[in-house]
């Protein structure tokens with residue numbers, strides 16, 4: 001699974017996912033299914049915000065790469081992928097600026113057009129079940145919930161899907177591609193089944209124990225991709241270039 005993740009996702013996404021796991025004391029080299037799930041969720045959050053801007057009239061518009069209107073305001077503020085301290089700083093800033101109610105849990109995005117926080121979900125199960133779990137956890141009507149599945153289904157608060165159909169179709173197509181690529185490598189069953197995932201986790205732990213006594217050279221260098229992209233990622237005036245730079249799974 002780890003090889004698949006590194007082949008299928010942009011290096012920046014993988015590094016952000018690894019940082020998030022380590023922040024919670026989890027090992028991305030062992031819990032590879034969780035790493036894949038976090039990478040998928042991150043990419044969906046980025047794709048959700050791709051190309052969406054707000055013009056001077058306050059209208060939501062879609063601007064493709066290469067368009068001269070690069071100074072337009074991004075419609076969505078991405079919160080997911082930041083470390084917790086920075087994420088809460090962004091949330092507090094948004095609340096102070098817009099008057100939005102501060103959420104109890106960190107959301108994934110903020111929609112400047114609809115003036116609401118958004119919680120994005122990507123599930124391997126039934127969308128309505130995952131939606132109810134999210135709603136029960138958040139317990140706030142102020143946070144909008146939007147759930148996607150790997151089968152092309154989706155569910156959103158009050159059936160308000162926020163994005164246009166084409167933008168949502170891009171996300172669904174990407175999720176379906178990830179599923180197909182996992183299946184072709186024999187990874188999908190363990191990604192979906194808790195029992196199979198537990199078996200794979202034990203296998204990973206055993207493999208790591210065997211390698212523990214072997215001398216390992218650890219690189220301390222920051223990857224070129226992250227070194228270039230991270231300043232843009234942290235910049236509130238980031239362009240759509242970062243948002244659209246994600247790699248597709250290579251053909252076998």
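Glycine is no exception: its Cβ is also placed from the backbone N, Cα and C atoms.
According to Swiss-Prot, the feature region 'Disordered' maps to residues 203-222, out of the candidate ranges 203-222, 223-242.
Secondary structure at residue 108 (active site), taken from DSSP and collapsed to helix, strand or coil, is coil.
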